[in-house]
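Feature annotations, reproduced from Swiss-Prot:
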BINDING   10, 11, 12, 13, 14, 15, 16, 17, 18, 19, 20  ATP binding site
BINDING   189, 199, 202, 205  Zn(2+) binding site
């Protein structure tokens, strides 16, 4: 019997690393995809490669995209500062249509691989309020995927799996530790330095630190 395959979006951060471990524990042959899209630092891409090796994925791809030219986000436009305190509404670290673009490319690879499952580490509990992390988005993308692909119209539909959707950050960390994730390999900070050290001030750093504290697990994050 052939092992079921999954394409997994792997940013190099805590959430996506956990998703890879979950998929592997569920018996999937894991194919991971990361994006060099003009983000502020490459440390997360290096982290993604480390995580892919540690968790033993079948293949890890890094896709080049230039989102700098569009701007519109503190993660792709150096002229927009990364906020270091909570704000109302959708934060400036939101990258326009990022998850839509990333999932579309993962969908293409999944169709080539004859993989029926695509995993993404979005979360609607301890998150920054991005519209493309909501359950409604995941459900809508799955419907689109099955309308827009050869596999979908031939009855071999895709599933967009978001296993972290309703978990707290502490629950995510506990799930990853139980499945052997080395969180010391991951980078979550929006403005990490070249060594992957975190600022400890941005929204992503706060969510990560609070999650480790709530989980009762030592935080391996290095700070500059």
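Quick reminder: no glycine exception, Cβ is built from N, Cα and C everywhere.
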Site of maximum Cβ density within 10 Å, from binding-site residues 10, 205: 10
Integer Å distance between the CA atoms belonging to residue 14 (ATP binding site) and residue 202 (Zn(2+) binding site): 15
Same-chain residues at least 6 apart in sequence whose Cβ lies under 8 Å from residue 16 (ATP binding site): 8, 9, 10, 48, 51, 120, 121
In the chain carrying residue 12 (ATP binding site), residues 6 or more apart in sequence that have Cβ under 8 angstroms from it: 34, 43, 44, 45, 46, 47, 48, 49, 50, 51, 186, 187
DSSP three-state assignment for residue 10 (ATP binding site): coil
Top Cα neighbour of residue 189 (Zn(2+) binding site) in the set of binding-site residues 14, 18, 20: 14
Candidate with sparsest Cβ neighbourhood (10 Å radius) among 14, 20, 189, 199, 202, the listed binding-site residues: 199
Residue among binding-site residues 14, 18, 20 with Cα closest to the Cα of residue 205 (Zn(2+) binding site): 14
Residue from 14, 18, 20 whose C-alpha is spatially nearest that of residue 199 (Zn(2+) binding site), among the binding-site residues: 14
Zn(2+) site shell beyond 189, 199, 202, 205, criterion: Cβ within 8 Å of Cβ centroid: 82, 188, 190, 191, 192, 198, 200, 201, 203, 204, 206
Residues satisfying Cβ distance under 8 Å from residue 18 (ATP binding site), sequence separation of at least 6: 121, 164, 172, 173, 175, 176, 179, 181
